[in-house]
Amino acid sequence: MLRRDRLFLAATLTAVFSADLYFILLPKLRSLGRPHSCSCGPGNLSLPRQGGLATPLLSNWTSVPLPDSATPEPADGGSKLEKLFAHTLYNIQTPSLGPEERLLQAEQLIEYYRRKVSRWERHMKLYSEAAAVANISVTEHEVTYDPDASWMKFHLGINRYALYSRDDPAVLQLLKDMQNMAVVSADYTQDEKALKGACDCTQVVKPSGHHLKLALKMKNFAKAMFKPMRQQRDEETPEDSFYFVDFQRHNAEIAAFHLDRILDFQRVPPVAGRLVNVTGEVLQVTHNEDLRAVFFTSPANNTCFFAKCLYVCKTEYAVCGRPDLLEGSLSAYLPGLSIAPRISIPNPWTRSYTFTGREEWEVNPFYCDTVKQLYPYNSGNRLLNIIDMSIFDFLTGNMDRHHYEIFTKFGDEGFLLHLDNARGFGKHSQDETSILAPLSQCCMIKRSTLLRLQLLARSEFRLSDVMRESLEGDPLRPVLTEPHLLALDRRLQKVLRVVQCCEIFMGSCQRITSGSWFWS
């Protein structure tokens, strides 16, 4: 009996060794003769197992050129950013857009605009009359009705494929308007208003009122979300802090917009930095008495305000101007939900928002196989768009992507909106590789995304260099410190190594390594 058991054990070990040799060691040996990165030819962008490592479904687009055959290598000097955007990978033409491909029609938006103007005029009339009765002075600003306003052109440019085209002059003008245009009104955002100051202190995940964001209206009725500076640029998130209680950083919102543009996603609304006078551009123009009530003057004679949630309704949680000027990010609002409905969908790779819990994807390396059987990830581009989003979040270090939004008009094939990026760029010294779980578990990536990532890894288009140059155009420069910029290059290399890992192992990079991260 003992001899039979030994023979059985020996046979089992031999079978296991043979399998390891055939499925793991031999593919590795074969890969030694290949370049370390994909040559990006059409024949080597797919896995035998998937039938499509990079299946971008570009049937409505022109053919994607290869990086090596596109433009001459840039000479030393000159703008790397301009040369990047001149590359043929960044000049793929979208098809002509019909009414169904556009989010809004001009007549529809103009009518919406006129209703906003009429509502504003009625509101200001009633407010002025009430202020006169109470003997309160009201600061009045001139407002303009401008059908050619940059924010209207931005809204009209939203289509099935992206929020804007990279060379759209209206977006550049909108950035300038948010930086300089007079503010005529300030108020809480809608989600903070919904709280009505009632916050549950026992909640692990605090409501959005904790984050001090305001809605600012410009004189041409453009609307932007203001997030004030809460953390110095050279500060890192403490290592003992959970991602769901981290600060929201204004410079992260700015940098995320520029990174999204460099990746050619165009899924982040335009964001600009601005020095806001919290006295003249918030306190004196708000008509919300709750907002007025949270302003005070600090012992250093600085104007400060704090959030209205009960657990942070204290001066130590306030933000303060110097004495009135305060840095912040202004993010352009998307069209109102009444004319452009959006839905919020849970991210399949959402994290556990508890101190001890873990989600299924964190313990099951075959989790992607389950996701691919579920609607809407079992067809179309949705899963590939999730993977795009995970790459974007990994580069920024954002672990807080619990939901994503899409425009309902475009249905299942619409792009994902990359909103609320303020929890990125918190740690330049740490790369949270679990953010890449969709890529490492599914081993899928859009061909166009992979080609651009490989392009940005080349010295003449280095990601940190083009980001540095792009951010120089923002008035709050430097937006990111040098360690954060260099972290982008390091993380980009890790993304490409995951793709290479998928090619070598012909399946999930994570599952081959029994749950440990291959590139750590």
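Each position is counted from 1, following the chain as shown.
Placed from the backbone N, Cα and C atoms, the Cβ positions cover glycine too.
According to TrEMBL, the feature ATP binding site maps to LYS227, SER331, ALA332, TYR333, LEU334, GLU405, ASP420. Annotated domain 'FAM20 C-terminal' per TrEMBL: 295-502, in sequence order. Look at TrEMBL and you will find ASP400 tagged as active site. Marked as Mn(2+) binding site by TrEMBL: ASP420.
Most buried of the binding-site residues ALA332, LEU334, judged by other Cβ atoms within 10 Å, is ALA332. Here the binding-site residues are TYR333, ASP420, and the one with the most other Cβ atoms within 10 Å of its Cβ is ASP420. Take the recorded positions ASP400, GLU405: by the count of other Cβ atoms within 10 Å of each Cβ, the lowest one is GLU405. Rounded to a whole number, the C-alpha distance linking LEU334 (ATP binding site) with the residue listed as 'active site' is 21 angstrom. Note: the Cα of LYS227 (ATP binding site) and the Cα of ASP400 (active site) are spaced 17 Å from each other.
Its Cβ placed at the centre, LYS227 (ATP binding site) has 26 other Cβ atoms within 10 Å.
Comment: ATP site residues LYS227, SER331, ALA332, TYR333, LEU334, GLU405, ASP420; largest CA to CA distance 20 Å, whole number.
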